[in-house]
Amino acid sequence: MVKVLQLCFLSAISLVQALNSTVDQKDEAKVDINTVFDNDSTNFCRMDKTEAIGATCDVTFHEINEVNNNIRPQLLSLVQSDFFKYFKLDLYKECPFWSDNNGYCVNRACAVDVVEDWDSLPEYWQPEILGNIENATTDITDDECSFLDELCDKPRFEAEKDIEYCDTNDFNSQHSVLVDLTANPERFTGYGGEQSSQIWSSIYKENCFSLGDENQCLAKDAFYRLISGLHASIGTHLSNEHLNTETGKWEPNLELFMTRVGNFPDRVSNIYFNFAVVAKALWKIRPYMNELGFCNAYNEDVKGMIDGVVSQLNSKVFNEDLLFHDEVSGQLKDDFRIRFKNVTKIMDCVQCDRCRLWGKVQTTGYATSLKILFEMDNDDDVARQHVVDKLTKYELIALFNTFDRLSKSVEAVNRFEEMYNYQLKSPGEKLASFFQLDNFFKVLNDKFNSANHSSQEKESVSNVEKKVNEFNDLKMPEKKKETHTEVREQASGVFKEAWDVEWKNFKQALRFIVTSYTDLPSTVSKYTVLKLNKLWNKFIGVPNYLEEGEELEYPSYNYEE
């Protein structure tokens, strides 16, 4: 095995040296780096940024980038304010779809720090006033006069239909806890594997609608793009906040981003699509913001930041009227609502607490957006106000935090694009990133270094600092012949040591078998005498012989040795 690794490593060295010599000889021949790395294998943002995002959007990628650059500072300050940085959820709610509890994340990065010092919170976050704050029309009182006044002055909404796209009862659960989102940032936790794949597989399977009408294509496409955009946005966040094990810092990881998002233009496009959806919801609810009861808790600075963000949005970013516009589409809208509600419930199956937290925040934010877009489609202002009155403070908090997450994703996508283009402009950097991405040469180098570790300690290495295009991660032995000989000798020593261990184990096993056979006659004879003695005493009339006399001592064996 060592020889195989050695040969593979030597082949890798030859390839690297050949590539380096080709790049360094600029006067003799120039290499077009795109011939080594075909552009078809790297699909980062291969789209026309001047085109519209989709059939339901009248906005381009470039326009969203400009809007995001303008609102990003105020939006970041807004979600870090006292009102918008807290969220309430049940971290221990059981999964309603399956009972697989084998995927718990025991990593510290998966944990969530909940709020315990309530005295440090503002007044509107104290326990006695937490919960839904609704309009007076929804308050239930025992005062008959108040009830009659309400009937006379306010419209009645009989047979009220379900307009919820998420389970709002979770906010009032006795098991729910308050969490500071700024103290629990969304970042890479190491959670994944089969359990994570099961979560996303179940979410994507919700895109199976019962109706077969051709008009549902736009709705199905919108549903899929929402889920895909959510998935891609989360992947972007985790790639942007990835732990560098060498420096111990959280920093962008271009390779991880390209693997999850960058090599798939449709995923990048769906992030922008989700940005447009949530932006349209914020634009649509703007006229009613001051009429929300809990909005009185804002200070003037927060109100100014909200207006500063929402005022830069417009209605053309998303046209929800194209999705549901007739009776058949009304049934499709109910199916759409139920299925997205299931998506929010699937987040209760996530076994990583921090992943569940941000999954709940973002799915609740999307659910709130859909409720605003699809349920406020009536021209009646009173009916619109009724929908607004059904909003809770946690839905509004989730809405703005989800918009912040999408804004962060758009910002990160542009940063990753700059990093990607920077590597393309430098041939040495591009070659180095290629080998680091595959990690093949790094594995070979680690195997080779572990085999000749003792020989490398004896060698003195000069010229420690080299250029990046000289492949610093490949440690070239200076004396190949001597190093190969020493490696061969050490490999022989390792083989001899392994042989000695196996031979010792074989002798011990053989000794055990032989001893068992040699002791068999003695063991059988003792057992026979014991049985005959018991039968004889029973024959001569000694009752309960073994119980009345001393107990016989059986030979003891230590099975743990």
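Quick reminder: no glycine exception, Cβ is built from N, Cα and C everywhere.
Which of C295, C355 pairs with C352 is settled by Swiss-Prot: its disulfide partner is C355. Swiss-Prot names the disulfide partner of C105 among C95, C110 as C110. Packing around C355 (disulfide bond) is summarised by its Cβ count: 23 other Cβ atoms lie within 10 angstroms of its Cβ, all protein chains included. C352 (active site, nucleophile) sits 14 Å from W200 (FAD binding site), taking the CA atoms of both as reference points. When the C-alpha distances from C95 (disulfide bond) to the recorded positions C166, N342, C355 are tabulated, the minimum falls on N342.
Fewest Cβ neighbours within 10 Å among the recorded positions T189, N342: that distinction goes to N342.
In this entry, FAD is bound by R187, T189, W200, S228, H231, R260, whose most widely separated C-alpha atoms sit 21 angstrom apart.
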